[in-house]
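For 1-16, the entry in TrEMBL reads compositional bias 'Basic residues'. Per TrEMBL, the feature region 'Disordered' maps to 1-49, 428-469, 526-611, 824-861. Here TrEMBL flags 73-513 as domain 'SAM-dependent MTase RsmB/NOP-type'. Sequence annotations record features per position, and here TrEMBL assigns S-adenosyl-L-methionine binding site to C191, A192, A193, P194, G195, S196, K197, D223, D284. Here TrEMBL flags C337 as active site, nucleophile. What TrEMBL records for 527-538 is compositional bias 'Polar residues'. Positions annotated as compositional bias 'Basic and acidic residues' by TrEMBL: 539-550, 574-596. Residues or ranges marked as compositional bias 'Acidic residues' by TrEMBL: 834-845.
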Amino acid sequence: MGGGRKRGRTQRRHFKQGRENVWKHNPQRPPAGEGGEGREGNPSWQPFATENPAFEEYYKEQQIIPEEEWDDFMSMLRKPLPATFRINASCQFFQDICSQLENDFRKSLETEVSDEHEQDAIRPLPWYPGNLAWHLNFSRMQLRRNQALESFHEFLKRENEVGNITRQEAVSMVPPLFLNVQPDHHILDMCAAPGSKTFQLLEMIHQSTKPGLLPNALVVANDVDVQRCNLLIHQTKRMCTANLIVTNHEAQNFPGCNLAKFCSETCMDEAKLQRVEFDRVLCDVPCSGDGTVRKAPDMWRKWNAGMGNGLHRLQVEIAMRGMGLLKVGGRMVYSTCSMNPVENEAVVAEILRRCGDSVELLDVSKELPELARRPGLSTWKVRDRGSWFGVHEDVPRYRKSVISPSMFPSGKGSKDVEVNTDVDADMKDSTDMGEGEQERNIAVADSNNGDSPKTEEKTEVDCESGEAPTRYKKLNSTSTRTEHSDYPLHRCMRIVPHDQNSGAFFIAVLHKHSSLNENQVVDGVKSEQNISKDNTGTLEKDLGSDKVSSEENIVPQHVVDDTNVLDVEQNGDMDSKSSKDKSSEDAKVIINEAEKGQAGTRDRRRQQNQGRWRGVDPVIFFKDDVTVKSIVSFYGIKDSFPLEGHLVTRNPDTSHVKRIYYVSKSVQDVLELNIKIGERLKITSLGLKIFERQSSKDGSPCTFRLSSEGLPLLLPYITKQILYASAIDFQHLLQYRTVKFPDFVDAKFGEEASALLPGCCVVVLREGHQDIGSIVTDPSAIAIVCWKGKTNLCVMVSPLDGKELLERISLRFGLKIPELVKEKPNQEVTGSDEQPDCATEADDQPESKASDMEIPDAEAE
């Protein structure tokens, strides 16, 4: 991927800006009912503007809201967005959390209701299944500033960090629900970062899984930007799943993995996976993001009509690629957080036009009946350079390379006779111009003029009048003609803010009835190729700060060739492009290291890059039988737990492997296929960390300890190095983190702990279970990883996870949590010659899910 470090810094800056709730930058907020919470502040600061005349004019003309509702619509857009979150139904404590919300917080926060339209301080969203999603009658800023909400805010932060809840905008939760995910589905999230929807998909496939078992499903989460992939990895690591693969590709160029294109039929094993296809595809594309103005009011200032026009082609390309990767009989959801029909209904209509009878736009009006939604539009206009156009024929010739036929309801160009003939017209318009002129004409709107695009031409549009130069005035008059789409676009869904006090969103559900007509798909793409090549630099420059997709995605996506069904040609072009773009940066790194005399680091980097993708450690199946047998013997892992072919690492040198990951059968199949076809998938993260190398001064027989992330999966199969503690001893371990054997309340437990082999062990909470032998197979079993030293047990979970467990068992069993003191039971720390006997990462550097983010899933030194 081109762009190098400069673009990476720009993307990180834009992302940081997008993540901030800019309401907090307004020190003179209006009262709560008028767009803010109000605050006394520096008088030199001005209130944040929540107006944009061009925005209002545009959407009034598009008639997205009936005229009589316009004031209510705009009033709601100017109010801060209420906070919402979702409970992870696959987490161990989700019933406890539901009970705590219903019985404790819901009652204690009743006096804090501040909105005349809301009766409850917190309430479940009525349309989300199982009361798992909750709406708060507070904005994020109120949660941070209101002292009465402090304990509730701390609760939300802690539960979100450990993965028990996910704080996410309500409308952003909708698209995955319409996928109708099943436990055996292969799912592709094409533009996944920052990962809230991916996490939601993982919740769905794990929700009914029994302890020690994995679903047959697979989730592939993709994003174009490496930095955003890091964020995606960090978000999904809270789930602790072996069924996820994170990839780094342009969505419109996502590689097709078809073994038949790379080897003869004689060498193909029919029992193995032959090609990667998906039962479900989530196509939540980059968009202008004007549906997020309530949580990101800076959008009022940034918005202009050209933003949607500039993204339309990319959105079509991504959606068509998703449809090509979808299995026959599968379902794809196309969604945006934009209200612009050019980004919404126009894209869906173009998909239906290209795919013909192979794809159907589904009527899902009976699904989620309590979700308020409006039907999609069947007619709309296109705004360009101060003029409105209802049909493509009225677009001036010098703008037809930018304003394409697919932006209009009919999808037909001025020379169309049949559906596909617009391809040649578009190609002619784009090829008649020189390269420089194409780059200038593809530029998107200039924010100084609302909807006038930037241009470097001397004969540019007048910035105030919005008119073209004299020689173009006759061509650039506003069109009075309109047209209606013949497709059933009323089946699309528009979620508007004033219906259920939310943000705005667009969703369309598509079903694939048969394989796509290859000629039709390729012909449709050819019309975009010349323009797409020249769009790349200008779109990055002009849309970098404005382009937003759902969940605050601020991602400069690149418009490049997408041959869709021609997987081999597509992947070859993409691979060579990615390698070429990355090679210059890698070369600089290696040269700098050589100049500094870091020969060892250079050699290691060279070894790491032996995989296909530069800068990404290859995925290696771990086949060190000696190490595996040592682990199995030490922990007494049952033969029924499959290890062969399920263990992977990111370091080709097995003698220096630090972490071993476990992958599900579905991920294993994709990995094996990916190796056979030359590693066409660029995998940045996968698998569940299950074992980690641990040095020890005590000389443990096993050099690998258990990982907290992998313990729930492995627990039912462990027969050695396992202890069962009473609630009070379990509480002491979590509270003091290191406890000497004689200091346990249950003397027998202390003796059993002392008798274990030195090294890693598991401590299971015995309380509430009658039969000790069945505890480990009970979904409610609570267990932690510890380290057995010469004289003590040391907890090997992060302080945050430890605190969460401590509070959970205290609530469940009625235990009191005393203030953490400097003394441990019957022992003074000061002057003690006993330090925790665990290895380097047990206490000072506890196992942390967040710590892996710097170099995600790679063998970081």
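Backbone N, Cα and C atoms are what each Cβ position is placed from, and that goes for glycine too.
Please treat TrEMBL annotations as automatic predictions, because they have not gone through curation.
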For this session: Write down the Cα-Cα distance for C337 (active site, nucleophile) and G195 (S-adenosyl-L-methionine binding site), rounded and given in Å.
Result: 15
For this session: Sorry to bug you, but what's the C-alpha spacing from the residue listed as 'active site, nucleophile' to C191 (S-adenosyl-L-methionine binding site), rounded to the closest Å?
Result: 13
Exercise. The domain 'SAM-dependent MTase RsmB/NOP-type' (73-513): mean pLDDT?
Worked result: 83
For this session: Compute all pairwise C-alpha distances among C191, A192, A193, P194, G195, S196, K197, D223, D284, the residues listed as binding S-adenosyl-L-methionine, and give the largest one in whole angstrom.
Result: 13
For this session: Can you grab the distance from the residue listed as 'active site, nucleophile' over to D284 (S-adenosyl-L-methionine binding site)? Cα atoms, rounded to a whole Å.
Result: 9
